[in-house]
Amino acid sequence: MSFGRPGFADVFKPSPPARGSFPLDHDGECKAFMISYLKCMKENANDNGKCRLFSKQYLECRMDKGLMARDDMANLGLGDVVDPSALPPASTQTTTAPLSNPPHVPQPPSSEHRI
């Protein structure tokens, strides 16, 4: 019996995924990152563009814990995602070049020069 396919057909040979297989996170090492990502997806009506930072953090956790092979984030489509907490605050940024002509601020006349 052929059970739905011709008996002369070649045997099906599965092919492995292009990036290999990823072990499951049985110990929950990256569960917090996964929950953050899923929460973001729910809050943003499954718009993954708004949750790319969470996706990057989750993949970094998996790579750090050995749950997937280390790869460059650009290869994973997340090379342009920047963590805003890693940036210096805007108030502490200073200019490196001094002002050549500082703006003139008029001063009120002193009482000594009044007539």
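Note that Cβ sites are derived from N, Cα and C of the backbone, with glycine treated the same way.
Pulled from Swiss-Prot:
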type: COMPBIAS; residues: 90-99; note: compositional bias 'Polar residues'
type: COMPBIAS; residues: 100-109; note: compositional bias 'Pro residues'
type: DISULFID; residues: Cys30-Cys61; note: disulfide bond
type: DISULFID; residues: Cys40-Cys51; note: disulfide bond
type: DOMAIN; residues: 27-69; note: domain 'CHCH'
type: REGION; residues: 1-23; note: region 'Disordered'
type: REGION; residues: 80-115; note: region 'Disordered'
type: MOTIF; residues: 30-40; note: motif 'Cx9C motif 1'
type: MOTIF; residues: 51-61; note: motif 'Cx9C motif 2'
Same-chain residues at least 6 beyond the ends of the motif 'Cx9C motif 1' (30-40) whose Cβ lies under 8 Å from its Cβ atoms: 50-51, 54-55, 57-58, 61-62, 65, 67
Cys51 (disulfide bond) and Cys61 (disulfide bond), Cα-Cα, nearest whole angstrom: 16
Cys40 (disulfide bond) to Cys30 (disulfide bond) - Cα separation in whole Å: 16
Mean of pLDDT values spanning the domain 'CHCH' (27-69): 94
Assigned conformation of Cys30 (disulfide bond) - DSSP reduced to three states: coil
